[in-house]
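Let me begin by presenting the structure, written as structure tokens, before commenting on it.
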Protein chains: 2
Amino acid sequence: MKKITALALAALATTFVVPASAQFAKAEDAVKYRQSAFFVMQQNFGRVAGMAAGKVPFDAKVAADSAAVAEYVGKLPWAAFGQGTDKGDTKAKAAIWTDKATFDEGANKMQAEMVKLAAAAKTGNLDNIKVAANAVGGTCKSCHDDFKAK
Amino acid sequence: MKKITALALAALATTFVVPASAQFAKAEDAVKYRQSAFFVMQQNFGRVAGMAAGKVPFDAKVAADSAAVAEYVGKLPWAAFGQGTDKGDTKAKAAIWTDKATFDEGANKMQAEMVKLAAAAKTGNLDNIKVAANAVGGTCKSCHDDFKAK
């Protein structure tokens with residue numbers, strides 16, 4: 001019985017994405033956590049974007065793997081923007097907390113475009129990847145403009 | 001038709017794990033990448049280990065989500081231990097590269113125990129989680145003793 005419930009929850013969790021209810025011991029841990037997740041995401045996305053831009057030779061397997069990792073890890077940073085994590089070694093602007101609805105919308109848009117990129121990369125079609133990578137890049141920039149200090 | 005193929009590939013990708021073939025622009029990026037992935041993994045594993053140790057109230061959903069993230073992200077650092085990434089801001093010992101077989105064995109053991117922990121966490125059974133979390137912790141310690149400077 002317990003098992004069935006757990007499986008049902010697991011199924012839900014894969015549908016509604018999995019950013020573990022954030023419980024960080026210290027605010028610094030939350031800051032480092034979101035920076036770490038963004039870095040892992042960016043390294044993987046950057047690899048695909050580099051191929052899309054023709055700066056790196058296209059390798060369909062690497063593109064698909066990297067986009068899949070970027071999609072997954074791109075779900076993680078958001079749980080680490082809790083109250084009280086606006087201080088310390090962070091470029092996060094106050095607007096993240098004062099205009100949380102807009103921030104959340106941007107975060108969701110990025111994740112939605114990343115899902116499309118991962119799907120495009122799985123097809124192995126470079127033209128599709130270019131379109132999707134541009135869309136992801138647009139969501140990164142738009143959010144950074146508003147919510148990340150230079 | 002294309003859509004069906006993409007879905008079939010997606011199903012495969014979730015079966016066979018996805019550590020992107022490492023292509024880092026700079027050695028520093030590789031070092032930061034593996035440190036970032038380890039940190040994200042450790043934060044998620046630590047949450048589950050805290051529950052297993054009775055230091056944090058048990059929450060089955062958080063444990064299952066966190067263990068799933070730790071399992072996934074625990075696959076990522078290894079691609080970033082390429083040649084030439086032994087310098088700079090890293091505690092990686094030279095033995096990682098001179099005794100790569102042992103290092104790889106430890107990395108694989110950790111990942112295997114993390115799979116078991118994620119499975120245990122999905123059952124929601126705290127006793128199973130305790131056993132699995134201890135096993136993961138053992139693999140962390142054993143590898144750190146041999147391959148990570150204090």
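Cβ coordinates come from backbone N, Cα and C, glycine included.
Positions annotated as heme c binding site by TrEMBL: A:Cys140, A:Cys143, A:His144. In the three-state DSSP reading, A:His144 (heme c binding site) counts as helix. Here the Cβ of A:His144 (heme c binding site) has 14 other Cβ atoms within 10 Å, regardless of which shown protein chain they belong to.
According to TrEMBL, the feature signal peptide maps to A:1-22.
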Query raised in the report: Relative to the Cβ of A:Cys140 (heme c binding site), which residues of the same chain, six or more apart in sequence, are found under 8 Å away?
Result: A:Met110
